[in-house]
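Listed in TrEMBL for this protein:
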| type | residues | note |
| --- | --- | --- |
| BINDING | K13, R14, A15, L16, R17, R141, L142, G143, Y144, G145, G146, G147, Y148, Y149 | ATP binding site |
| BINDING | V59, E64 | substrate binding site |
Amino acid sequence: MALEELNTSENRKRALRREIKAAVAALDKGYTKEADLQIFRHVAGLPEYEQAGTLFCFVGTSSEIDTAPILEDALRRGKRVGVPRCISRGIMEVREIRSLRDLEAGKYGIMEPGAHAPVIQAEEINLAIVPCMSCSHDGRRLGYGGGYYDRYLGRTRAVKAVICRERIMRADIPVEPHDQMMDMVISEKGVRRLVGQ
């Protein structure tokens, strides 16, 4: 990809992030609550979720999908659950939690495991539940711009499932060479399995 194309993709991503941030802020709380519940039900119904011994899932912030039901359900089922911990700019690791009480506010105010929590290696993860600002139905994901997830997901062979509310999905997500494509897209409307990713 030429430098000019990269700059165009980066500019488009920046503009999309601004647009999506405004769209998320305007979402009705009733819609988000119901959408998040349906997304949880779709995740919990996945054969990959049922079979996963080790699950990686982000901890949703106030503007993201509420992942507490996913985390609590996985823990209740006896799965090994890993969540991200930011190490430095653009770098994260996955650490195990045994309860949501194991979470504390990290460097950026995001809830994460403490430094004492056991590390889960990328190759141990069976299913990764991935956040986004937005995504497309064909598995292109717009992240927050830090590259944390693209770097980390490039090291795992886990099934990668992005979760996104349907009302903030976009068809025009630019893709760059370092962007990780998802294996499935899950919204309140259902699960889209992507072949050949």
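Don't overthink the numbers, they just go from 1 along the chain as shown.
Using the three backbone atoms N, Cα and C, a Cβ is placed for every residue, glycine included.
Non-local neighbourhood of E64 (substrate binding site): F58, P131, each in the same chain, at least six residues away, with C-beta under 8 Å from its C-beta. Set side by side, the binding-site residues K13, R17 differ in how many other CB atoms lie within 10 angstroms of their CB, and the most is found at K13.
Cβ crowding, taken as the number of other Cβ atoms within 10 Å, peaks at Y148 among the binding-site residues Y144, Y148. A simple Cβ count within 10 Å picks out one of the binding-site residues A15, V59, L142 as the most packed, and that one is L142. When the Cα atoms are compared, K13 (ATP binding site) and V59 (substrate binding site) turn out to be 23 Å apart.
Under the three-state DSSP scheme, V59 (substrate binding site) falls in the coil class.
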